[in-house]
Amino acid sequence: RWIKFEEKVEDGGERWSAPHVPALPLHSLFQLRMYLQKGMMLLDLDAPSFKEIIDQVLSGQPEEAELQPELREHLAALLLCQPRHQPTKSLLWLLAELGLCPCRGRHGALPWTALGWEQLLHRECPATASIPFQLRNRFKKKVPPGAEAAHVAVGEVEFLEKPFTAFIRLRQAVALGSLAEVALPSRFLFILLGPQAKAKAYHEVGRAMATLLTDELFQRVARQAEHREDLIAGMEAFLDELTVLPPGKWDPSARIPPPSCLPSPHRRTATHPPDRQSHGDGDMAAAGDRAGLEHSRSGEELERTGRLFGGLLRDIRRKAPWYGSDFSDALHPQCLSAVLYIYLATVTNAITFGGMLGDATANMQGVLESFLGTAFAGSIFCLFSGQPLTILSSTGPVLVFERLLFSFSQDHNLDYLEFRLWIGLWVAFFGVVLVATEASHLVRYFTRFTEEGFCALISLIFIYDSLKKMLSLADTFPINWQYRLDNITSYSCVCNLSSPSEWARGWCGPEGSMHDPSLLTALSPQPPAAPDGLSRTQCLGRGGHLLGSGCQYVPDVTLFSFLLFGGTFLSCTALKRFRSSRYFPVAVRKLVSDFAIILAILASCATDAALGLETPKLLVPSELKPTNPARGWIVSPFGANPWWVCLVSAVPAVLVTILIFMDQQITAVILNRREYKLQKGAGFHLDLLCVSLLMVVTSATGLPWYVSATVISLAHMESLRKESATSAPGEHPEFLGIREQRLTGLAVFVLTGVSVFMAPVLKHIPMPVLYGVFLYMGVAALNSIQLTDRVRLLLMPAKHQPDLAYLRHVPLRRVHLFTVIQLLCLTLLWVIKSTTAAIIFPVMV
């Protein structure tokens, strides 16, 4: 049977082989061409049933090849036998069949091979596979919708003296009862019967015919052919593309596994001069790669209209018809997984950047402001933006600017929030000007060089921050390097109180009941010491202090936190790859892969809860009040700073505008690449307008500034990948695109806002687990760019380098030069970001 690839029944007759690329003897193709040239051919036959097809085939023989009436009866009886299929059966099914079918003879057995299956015709056996079997056959889910069956019957019979062949194409595809393993309409049939002693030759001709019928280009020819010559020409075109393997250089019994990627029919139909055919798929793949580099940059979304706000109006007209489907398309279980995954990533990001903003701005912006700003800005953006798959967040470059701005304000005695408000207003104004003048058309000049460098920078920031946060745990929970098990008898810790009255209360305990003195680990006569009944917190709260060599001991929280961190990262990676595993049915693998991040987080949280160590937990603010009590929720534009500050603010606003434009648009270009197969179009101008107007609100309320977050947005896209539900055995599921909708992002940001009221639940999630998710997102984004592959090439000897398309057409030294320049620019950006020169970071991007 064939669905794109060949499967054979193994010895023993109960198991299908693994799918493989059919390897055909060249002679069988020449014999097939001869049979098509000389045999019977019926095109556009009108027949509603298989019996009528056979009757017309046998009665339509030309006079010189007309069969005797007896032979016609023999052939009709043989061809109309009830088929016995070869399904994949359980052991119980096989045992039941042994008891139900007493017939063992195989008189006139014919292997029937179809586009999707192989069947055996039996003369005397009753039907063991009929219409009920077709209905319950789970193999049908492998067949794509709209598919048709083709049937190939070959065999040897003792009553024929010369071969009998017929190629039939029905005018309308019809269901032929239980002839097919799966209930599908049939259009093509091929019959080859001949005298004995040539069974193997007939079998190979049948395989050649079935292989031809699985070829998409030959299918087109066979459907449109009006004469025999058209079909022969289609076969000649197939032979022109044939690749011959020399007999002594490979094992004919070896089965060639299906490739991970097949050339599309469009590439195969591209006309090439004969002398260039030898380059094969390399040229075509390279051409496709070069075309992919240009992705949507030449699309109409980036063409200038020459009118004010012309690009914005075109974005609105493009996105408006899809607005309803942006919500209905989210009604899929995969979207629930995406919401939970991106929600936890967004919350972690809000806490991380909120904490760093608090440190950088003396809590003028803190974790609560980060939560509220993320919820508000993200929700508005998802409702009105041109690309709602984008996730807004505080980013590393924006954080760098906020830190510099606060330091400048402190040094020059300026009110930070008021100064920041005017900068935000100027940025919003400049952003609207950029939208009005269609400046987003400059995006078409962003090349792979820029995209990969920026994406790598943001990915490395994620990786660096997650590792930095984990290493800082060693300060809070120091590792006990000096602890020795043999010295456990010398370790003690007591509470030393400052006054006798305090000592008395400590001795009696909080409830006034006397503690047993035998519980004391150490007691000093002067000054008086408290018994062990007081906890560390109670002791310090009563003005005491701790004495003893064991007072600095803490459990190995840091070690366990690193185990949670690494375990979460590895679990996310392994479960995400489970989709391509060989274990379990495809539905189970897809479900596990879709919910990989959530499963990894739940497993890590369960491990942490079972062991009960005091690992640092996720802490979200529980009260709606500013982090710094000295500020309010609305920033006044006047009063705290001199009047000229509102004008001078335009200078730093230019730098922020460059940063916002580059950060926003580079991320938008990456998300709108052609390889993501987005159907609803981009909205570069509309996205920039939304970000600019949100700057006004966030600046006026003292909330953080938000822009597209490259890594989280890429993770959002990856969590919404659509793949074909039906794929042929051995074929990788086809990537169909991204589930484009607004609801997942909106749900993420609404959940982020209500997280303030979910503190009792969220406090059970260990921070090392979320840092592990951070690390996974950074590594996944880094692996998604070509720069990573080219860095690996720097470390590989030439003979071990993969057969990449660009290596066939670009000299290796040029590839390495390109990579080294990219790495140098990336290093320069990182150095600038990390030093006092960070003010010019936007310009350097």
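The backbone N, Cα and C atoms fix where each Cβ goes, and this holds for glycine too.
Residues or ranges marked as domain 'Band 3 cytoplasmic' by TrEMBL: 1-94 (among others). Note on the domain 'Band 3 cytoplasmic' (1-94): its mean pLDDT in the predicted model is 80.
Under the heading domain 'Band 3 cytoplasmic', TrEMBL lists 134-252 (among others).
What TrEMBL records for 249-301 is region 'Disordered'.
Positions annotated as compositional bias 'Basic and acidic residues' by TrEMBL: 273-282 (among others).
As annotated by TrEMBL, compositional bias 'Basic and acidic residues' applies to 291-301 (among others).
The domain 'Bicarbonate transporter-like transmembrane' annotation in TrEMBL covers 307-845.
Annotation source TrEMBL lists transmembrane segment at 338-358 (among others).
The transmembrane segment annotation in TrEMBL covers 370-399 (among others). When Cβ-Cβ distances below 8 Å are used as the criterion, the transmembrane segment (370-399) is approached by residues 315, 318-319, 326, 342, 346-347, 349-351, 353-354, 356-357, 360, 458, 461, 465, 620-621, 624, 659, 663, 667-668, 671-672, 681-687, 690-691, 694, 697-698, 701, 703-710, 712-713, 716-717, 720, 738, 740-742, 745-746, 748-750, 752-753, 755-756, 833, 841-842, 845 of the same chain, each at least six residues removed from its ends.
Sequence annotations record features per position, and here TrEMBL assigns transmembrane segment to 419-437 (among others). The list of residues near the transmembrane segment (419-437) in space but at least 6 beyond its ends in sequence, with Cβ under 8 angstroms from a Cβ of it, reads 308-309, 311-312, 405, 409, 635, 637, 641, 645-646, 649-650, 652-654, 656-657, 660-661, 685, 688-689, 691-693, 695-696, 698-700, 702, 705.
Residues or ranges marked as transmembrane segment in TrEMBL: 449-467 (among others).
Per TrEMBL, the feature transmembrane segment maps to 557-575 (among others). Proximity of distant same-chain residues to the transmembrane segment (557-575), defined by a Cβ-Cβ separation under 8 Å and at least 6 residues beyond the stretch ends, is recorded for 466, 470, 473-474, 477-479, 592-593, 596-597, 599-601, 603-604, 607-608, 611, 613-616, 766-769, 771-773, 775-776, 779.
Per TrEMBL, transmembrane segment is recorded for 595-613 (among others).
Among the features that TrEMBL reports, transmembrane segment is placed at 642-662 (among others).
What TrEMBL records for 683-707 (among others) is transmembrane segment.
Summarising the annotation, TrEMBL assigns transmembrane segment to 743-762 (among others).
Note on the transmembrane segment (769-787): residues 344-345, 347-349, 352, 448, 451-453, 455-456, 458-463, 465-467, 469-470, 564-569, 572-573, 576, 597, 600-601, 604-605, 608, 618, 710-712, 714-715, 718, 819, 822 of its chain, located 6 or more positions outside it, place their CB under 8 angstroms from a CB of the stretch. What TrEMBL records for 769-787 (among others) is transmembrane segment.
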| Any residues 6+ beyond the ends of the transmembrane segment (642-662) with a Cβ under 8 Å from its own? | 397-398, 401, 405, 414, 418-419, 422-427, 430-431, 434, 439, 454, 688, 691-692, 695, 705, 707, 839-843, 845
| Interface-richest range of 338-358, 743-762, 815-832 toward the transmembrane segment (683-707), CB pairs under 8 Å | 338-358
| Secondary structure content of the domain 'Band 3 cytoplasmic' (134-252), with strand meaning DSSP E or B | 51 helix, 30 strand, 38 coil
